[in-house]
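Below: the structure, in structure tokens.
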Amino acid sequence: MDSDDEVVEEAVEGHLDDDGLPHGFCTVTYSSTDRFEGNFVHGEKNGRGKFFFFDGSTLEGYYVDDALQGQGVYTYEDGGVLQGTYVDGELNGPAQEYDSDGRLIFKGQYKDNNRHGVCWIHYPDGGSLVGEVNEDGEMTGEKIAYVYPDQRTALYGKFIDGEMLEGKLATLMATEEGRPHFEVTSGSSVYHFDKSTSSCISSDALLPDPYESERVYVADSLISSAGEGLFSKVAVGPNTVMSFYNGVRITHQEVDSRDWALNGNTLSLDEETVIDVPEPYNHVSKYCASLGHKANHSFTPNCVYDLFVHPRFGPIKCIRTLRAVEAEEELTVAYGYDHSPPGKSGPEAPEWYQVELKAFQATQQK
């Protein structure tokens, strides 16, 4: 992102002045294989120009006396973009960063190429971190907050490099010129980063999530023989995060090697990890820190599993609405068992699912 790294000029395509220096529009290739295309005045970059770096990233902007000045656009090799303000070739001032899908992931200030002042880090799931970064540009301090996807519910307190050490429930009351104003809830419980392991689901299994508690509750399912289900407390629109699916973290190999009866609350997180809510934690009297495992299956679901970076649980999955949902409506998801595993005649799924699948397919054929 720094526009004036020390590089040795190797080849010039374009007009040269009487001293053999680039003059006018030229393409200059450096010993590092970085390339610059733009306007020169007697060997110095002046006017519009663009660096093409060896790793596939680029930097484009307006140069004055060989240094990038004003608005510049740095494009990462993966397609992400940083739009920032440059002074004498260094990031100084407001900046915004977007991922390769065009989603805003950072908004704040830079000083001498480091993040500075109050900054916002936005996650793809809708949550965000906000606070005044330290001298290294890290979210470290005692006035940092994680803000849930509703942009109102927050956990405010002490963080180190974005990890919550001690957070209390707070409400984001207003944001003025990028600076948030929080009101901490009196008598709030204290939350901290508490990522599960293969043997520990949570250090405080009965401490509910404050965001989830406002949106869902557990009651007897309306689906026959399904036991308990997950219901919405409030009417919400589509694409709303409703609940979180935390659990112990085990391997796919462990899940595949055991009986289906033990896999009633397993959910794949990624290629290595499966989240599981085993006995006795499937009972809310033993575990209620998250409730996403209570959502039952439907072939016509109103919700979907989605990835989520949680301030307390770390990388997990959440339950997000597919459509508008009414208050008191049961939330359902498609469990997504493999209907056509290689070398097998039927779905790789528990018996109850296979029975429901046949019944659903029969209704679709009518």
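The backbone N, Cα and C atoms fix where each Cβ goes, glycine too.
According to Swiss-Prot, the S-adenosyl-L-methionine binding site annotation covers Ala226, Gly227, Glu228, Asn296, His297, Glu356, on the basis of similarity to another entry. Feature annotation from Swiss-Prot assigns domain 'SET' to 214-336; the stated evidence is sequence analysis. Here Swiss-Prot flags 36-58 as repeat 'MORN 1'. If you look up Swiss-Prot, you'll see 59-81 marked as repeat 'MORN 2'. Residues or ranges marked as repeat 'MORN 3' by Swiss-Prot: 106-128. Summarising the annotation, Swiss-Prot assigns site 'Histone H3K4 binding' to Tyr245, Asp256, Thr266, Lys317, Tyr335.
Annotated features, which come from Swiss-Prot, shown on the structure.
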| residue | record | DSSP class |
| --- | --- | --- |
| Ala226 | S-adenosyl-L-methionine binding site | coil |
| Asp256 | site 'Histone H3K4 binding' | helix |
| Thr266 | site 'Histone H3K4 binding' | strand |
| Asn296 | S-adenosyl-L-methionine binding site | strand |
| Lys317 | site 'Histone H3K4 binding' | strand |
| Tyr335 | site 'Histone H3K4 binding' | coil |
| Glu356 | S-adenosyl-L-methionine binding site | helix |
Nonlocal neighbours by CB distance (under 8 Å) for Asp256 (site 'Histone H3K4 binding'), same chain, sequence gap 6 or more: none
Same-chain residue ranges lying at least 6 outside the repeat 'MORN 1' (36-58) that approach it to Cβ under 8 Å: 3, 14, 17, 19, 21-28, 30, 64-67, 74-77
Within 10 angstroms of His297 (S-adenosyl-L-methionine binding site), Cα basis - recorded sites out of Tyr245, Thr266, Lys317, Tyr335: Tyr335
Chain residues in Cβ proximity to the repeat 'MORN 2' (59-81) (below 8 Å; excluding those fewer than six residues from its ends, i.e. six or more beyond): 1, 3-4, 38-39, 44-51, 53, 87-89, 91, 97-100, 105
Chain residues in Cβ proximity to the repeat 'MORN 3' (106-128) (below 8 Å; excluding those fewer than six residues from its ends, i.e. six or more beyond): 1-2, 82, 84-85, 90-97, 99, 135-137, 139, 146-149, 151, 162, 178-180, 241, 306-311, 318
Residue, out of the recorded positions Thr266, Asn296, whose Cβ gathers the largest set of other Cβ atoms within 10 Å: Thr266
Those residues of the chain, 6+ apart, with a Cβ under 8 Å from that of Lys317 (site 'Histone H3K4 binding'): Phe244, Tyr245, Leu267, Leu269, Ile275, Gly292, Tyr305, Asp306, Leu307, Phe308
Mapped DSSP class for Tyr245 (site 'Histone H3K4 binding'), helix or strand or coil: strand
For S-adenosyl-L-methionine: widest Cα to Cα gap among Ala226, Gly227, Glu228, Asn296, His297, Glu356 in Å: 18
